[in-house]
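Asks: Before anything else, here's the structure in question.
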Amino acid sequence: MRIDPDHHDGTSDATPGGEPDKRRPGELLFAAFLTLASLVLVRDAWGIENSFGPNGLSSPRSIPLATTTVMALSAGLVLFKTARLPLDRTETILKDILPWTVTLFAALLVAYGMALKTLGFLPVSALFLIVAIKVLSKRSWGWTIGIAFFALLVIWLVFRIVFSVLMPSGIVPEAELIQVFRSLFAGGDA
């Protein structure tokens, strides 16, 4: 693993990042997004009506409204404090905040979610694992595919066979595979 000594010392940069008296790139935009999202949630909570009578402290909207109001006030305070800080010019979004691996995995997760229902759990998970393991390990294709398929087999056996979790089957005839496994474990009586 290579560490860029100009930006990182190898420790976690998650402790609230950067210098305390400077604003990191994208921080103001993120604080504004949180404030706006909190205000939308306040509006949605306000729209919860009590069909059994007046809206008081025991109405269905009281807890969501109180919670989202606290969220909006907190986010507004963070936005105000963040806006007053000067921008840290030594950091960039692409290098320090969203490096290519983070962006790649965000895109992979979005693609995974979009393709899951159509293609099914097994092929989409196999593709995700192969790409993820190849990118992170930088090993040979044989090693990558072997580890990915072994991990997928273990995941599939645990969730689908042991716990009977329903997952989108998609293009793979999963029901037939499950019946084969059940026949093997039942001693061939099925």
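The first residue you see is number 1, and the count goes up from there.
Cβ atoms here come from the backbone N, Cα and C positions, even for glycine.
For reference, TrEMBL lists these features for the protein:
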COMPBIAS  1-11  compositional bias 'Basic and acidic residues'
DOMAIN    31-168  domain 'DUF1468'
REGION    1-24  region 'Disordered'
TRANSMEM  28-48  transmembrane segment
TRANSMEM  63-80  transmembrane segment
TRANSMEM  92-112  transmembrane segment
TRANSMEM  118-136  transmembrane segment
TRANSMEM  143-163  transmembrane segment
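Each of the listed features needs to be described in terms of its position in the shown structure.
Replies: Mean predicted confidence for the domain 'DUF1468' (31-168): the pLDDT average there is 91.
Below 8 angstroms of C-beta separation, residues 28, 31-32, 34-35, 37-39, 41-42, 44-46, 48 of the same chain, each at least six residues beyond the ends of the transmembrane segment (63-80), sit close to that stretch.
Counting only same-chain residues 6+ beyond the ends of the transmembrane segment (118-136), those with a CB under 8 A from a CB of the stretch are 101, 104-105, 108, 112, 144-145, 147-149, 151-152, 155-156, 167-172, 174.
Outside the transmembrane segment (143-163), and at least 6 residues removed from its termini, the chain residues within Cβ reach (under 8 Å) are 121-122, 125-126, 129-130, 133-134, 137, 174, 178, 181.
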